[in-house]
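Residues or ranges marked as ATP binding site in Swiss-Prot (evidence: sequence analysis): 12, 13, 14, 267, 311, 315, 412. Annotation comment: Swiss-Prot describes 12, 82, 83, 134, 245 as sn-glycerol 3-phosphate binding site, evidence class sequence analysis. As annotated by Swiss-Prot, ADP binding site applies to 12, 16, 267, 311, 412, 416. What Swiss-Prot records for 82, 83, 134, 245, 246 is glycerol binding site, and it gives sequence analysis as the kind of evidence.
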């Protein structure tokens with residue numbers, strides 16, 4: 001009797017394979033980091049071959065830890081870092097260039113050209129997205145324009161475009177020997193090439209961006225049997241779920257009703273609110289996106305606030321400044337001071353995402369005096385995540401007209417008690433961490449399990465969700481308002497830094 005579901009979680013810094021049981025509990029997992037490549041300022045790349053090699057490794061290692069074989073796995077789902085873009089040779093399987101990562105800003109000149117001609121919001125009605133360096137379409141355009149032979153191969157159908165999910169699916173299902181070239185609606189919605197209403201590639205946008213349709217994958221639902229895995233360790237297992245990482249976390253957090261919201265604290269922060277089958281356009285700097293689409297059902301949409309730098313700021317303090325040895329030391333250092341000492345850190349390393357969408361912003365530390373020490377800087381770095389989330393939540397309430405009664409939180413930074421309490425204080429709502437914090441991988445597992453009947457319905461997902469910890473607001477409204485207003489002043493100082 002098959003008892004388990006596998007989930008490939010391919011993130012910005014590492015690849016993991018996690019095996020779940022019917023209750024959504026983790027049976028075994030394995031993780032392997034990959035190199036972050038920085039060829040120039042603002043450029044961030046990954047080696048797709050390294051990611052594929054690491055994926056194979058973690059699958060085999062997790063199965064070995066659990067003492068399981070392929071026949072014990074009912075199906076496998078994939079969740080992935082979104083927007084990260086690559087183009088590879090259909091015949092050889094070799095990437096034509098490294099994967100260009102979601103936070104990479106090399107397309108800023110293209111963005112400037114298009115926004116000058118038609119404004120940043122000219123594609124919002126169709127795609128839900130502003131023209132930005134963030135999304136895949138212009139990253140693909142950059143590859144086509146700058147990699148010798150790429151455009152010719154793409155136009156001939158000899159080069160395949162994909163986000164990371166597409167690359168993994170193609171390799172898992174045979175690669176050059178019959179690999180399936182697909183993506184799901186959630187990942188497609190982040191390319192800025194798909195119409196949110198039709199869930200198809202939009203010919204007008206393809207013409208505008210000068211992208212040949214011959215290189216694009218087929219768009220499928222988030223939960224259906226796509227094919228069988230050919231990898232020896234999972235040979236014959238059905239590949240049955242794909243969700244972009246933030247949509248997967250929404251699904252794994254059981255935010256399945258309109259108005260329910262989650263926030264993932266990782267390299268960046270990503271808050272999504274379920275808006276049901278209704279497409280809600282944003283007037284306050286948020287993104288409209290596809291939350292998920294189950295096989296045969298109507299799509300469910302979401303509002304999203306994307307924040308580029310949160311956990312990455314802690315890594316920067318560790319790697320670039322050396323004021324902490326391990327990322328986990330940040331809370332201890334921040335607790336050496338009673339408050340932020342009126343120091344504010346705006347981590348606009350690659351501009352500001354939601355709700356500002358200012359590519360020209362750059363990071364600043366404001367409010368420094370001789371009194372400030374590294375404890376204040378550590379605390380300001382943590383608080384920066386919470387302030388940015390407050391900005392997004394305020395915009396979400398304005399767009400949706402729905403007051404959020406609690407925020408479901410997940411991701412690596414939720415183990416930081418100081419941050420979670422401050423987040424509850426600055427939002428003035430409870431923050432809830434679930435019992436299982438690996439909600440991104442769990443969401444992909446749920447999508448894959450539903451497709452093969454392992455879980456009968458989304459009701460099973462709701463019943464599996466359990467509270468791990470709940471933080472309640474303890475700060476006065478006057479104090480939280482004072483702190484947030486000072487943060488907003490610091491943000492204004494960061495804007496327009498790049499001419």
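Just so it is clear, glycine is given a Cβ too, placed from its N, Cα and C backbone atoms.
Set side by side, the binding-site residues 246, 267, 315 differ in how many other CB atoms lie within 10 angstroms of their CB, and the most is found at 246. Neighbours of residue 12 (ATP binding site) among the binding-site residues 82, 83, 416, defined as a Cα within 10 Å of its Cα, are 82.
Spatially, by CA atoms, the binding-site residues 16, 82, 83, 246, 416 include one closest to residue 315 (ATP binding site), and that is 416. Cβ environment of residue 134 (sn-glycerol 3-phosphate binding site): 83, 102, 103, 306, 308, 353 lie under 8 Å away, each six or more residues apart in the same chain.
Around residue 311 (ATP binding site), the same-chain residues at least 6 positions away in sequence with a Cβ under 8 Å from its Cβ are 265, 266, 267, 268, 327, 385, 411, 412, 413. Take the CB of residue 412 (ATP binding site) and look out to 10 A: across all protein chains shown you find 18 other CB atoms. Annotated pair residue 82 (sn-glycerol 3-phosphate binding site) and residue 246 (glycerol binding site), C-alpha to C-alpha distance, rounded: 8 Å. Rounded to a whole number, the distance between the Cα atoms of residue 16 (ADP binding site) and residue 245 (sn-glycerol 3-phosphate binding site) is 13 Å.
A Cβ within 8 Å of the Cβ centre of 12, 13, 14, 267, 311, 315, 412, the residues given for ATP, is found for these other residues of the same chain: 11, 266, 312.
Same-chain neighbours of the glycerol site beyond 82, 83, 134, 245, 246, judged by a C-beta within 8 angstroms of the site's C-beta center, are, in sequence order, 81, 84, 102, 190, 244, 270, 306.
The Cβ of residue 14 (ATP binding site) lies under 8 Å from the Cβ of 31, 32, 33, 34, 54, each of which sits 6+ residues away along the same chain. Cβ neighbour count for residue 83 (sn-glycerol 3-phosphate binding site) (all protein chains, 10 Å cutoff from its Cβ): 25.
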